[in-house]
């Protein structure tokens, strides 16, 4: 008996017919046979077949040959099984796949879903990470919550709140990162310490009473607490894109001393033409890896702090371990003392481990102009226990050229 023609007014009818034909044959079916049995043009049939393949409902073991159900990917990554009684969402299918097979790369997940490239599944994976369903270590994806928690969140359709943005309300912010998957966003801040054992000291300006204030970051290991078990710091992954960083310490055991109040600088907008700041002229982005060398036991090995900087404006920043920066501000129009050259100087990093007393404590004027493509008073690198600490001084002067004072020190 001849097959009844398929109503092409709806795609569902054609999908059901294709699945029925493939299921009845029980094996691979040539595209020519499908065209005859479904009685539709080959072009229309192929469009539906490839859509079903992307949904992992059919597979193509050979060219122009189709069979029911998904197939294992060619690189050994297992396929996500199809549940014919229900149609789970892509989120749920990814959760099931990762729970059954463990952490996998994005490409393996994409192929298990019937896709061909990692780019097709990456938006979904990052969306699931923002919902705290998945975690990513830079190589592989894995489940963040337990299976039941992941199912509840995926079925509820409720999106978890994004991590709160921390806005500065105090002279110095101290942020302690806890947990393996904690996420911190910082906006509109300066005088920030990112790392362990850092110290920022803000000295009073000339004529202002009162002692200087120190804001050390709490140490995770205290030798006096003998009854406390040693705990190693967790690895830190820091990404900065189109940001303005002033008086920022990235690394461990850095010291920064500020004499007088920080000058008011014009606000920068990164929406139109962000300044490209880099350690090299060829690459607009830079990455740094830093190892801790702090005292105390480290049961899990040395801690790595990975920092990636792209299109940022950095002023008075230290990147590395054991750096020391002292900043003296000079106001516009100030007369240079005898013996000073007309251009700002960078001190020899090996001549002294103590900060030179400030020659002036006047504030930097609010209309001082800053370059948008330079690193200013920035220390890069690590300081070994045997070497002296570097001292960098910044002098604000009258014009733009003399204000472009960049200090780079690597020991």
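Even glycines carry a Cβ here, placed using N, Cα and C.
Annotated in Swiss-Prot:
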COMPBIAS  268-292  compositional bias 'Polar residues'
COMPBIAS  350-371  compositional bias 'Polar residues'
COMPBIAS  400-411  compositional bias 'Polar residues'
CROSSLNK  17  ubiquitin cross-link
CROSSLNK  43  ubiquitin cross-link
DOMAIN    8-70  domain 'Z-binding 1'
DOMAIN    84-148  domain 'Z-binding 2'
REGION    60-86  region 'Disordered'
REGION    263-303  region 'Disordered'
REGION    332-411  region 'Disordered'
MOTIF     188-205  motif 'RIP homotypic interaction motif (RHIM) 1'
MOTIF     237-261  motif 'RIP homotypic interaction motif (RHIM) 2'
Revision key, fill the gap. Densest Cβ environment (other Cβ within 10 Å) across the recorded sites 17, 43 belongs to 17
Review point. Using Cα coordinates, what distance in whole Å links residue 43 (ubiquitin cross-link) and residue 17 (ubiquitin cross-link)?
Key: 16
**Study point:** For the domain 'Z-binding 2' (84-148), residues assigned helix / strand / coil by DSSP
**Key:** 34 helix, 7 strand, 24 coil
Practice item. On the DSSP side of things, how many residues of the domain 'Z-binding 1' (8-70) fall into helix, strand and coil, could you say? Key: 36 helix, 11 strand, 16 coil
Review point. What mean pLDDT score does the domain 'Z-binding 1' (8-70) have in the model?
Key: 80
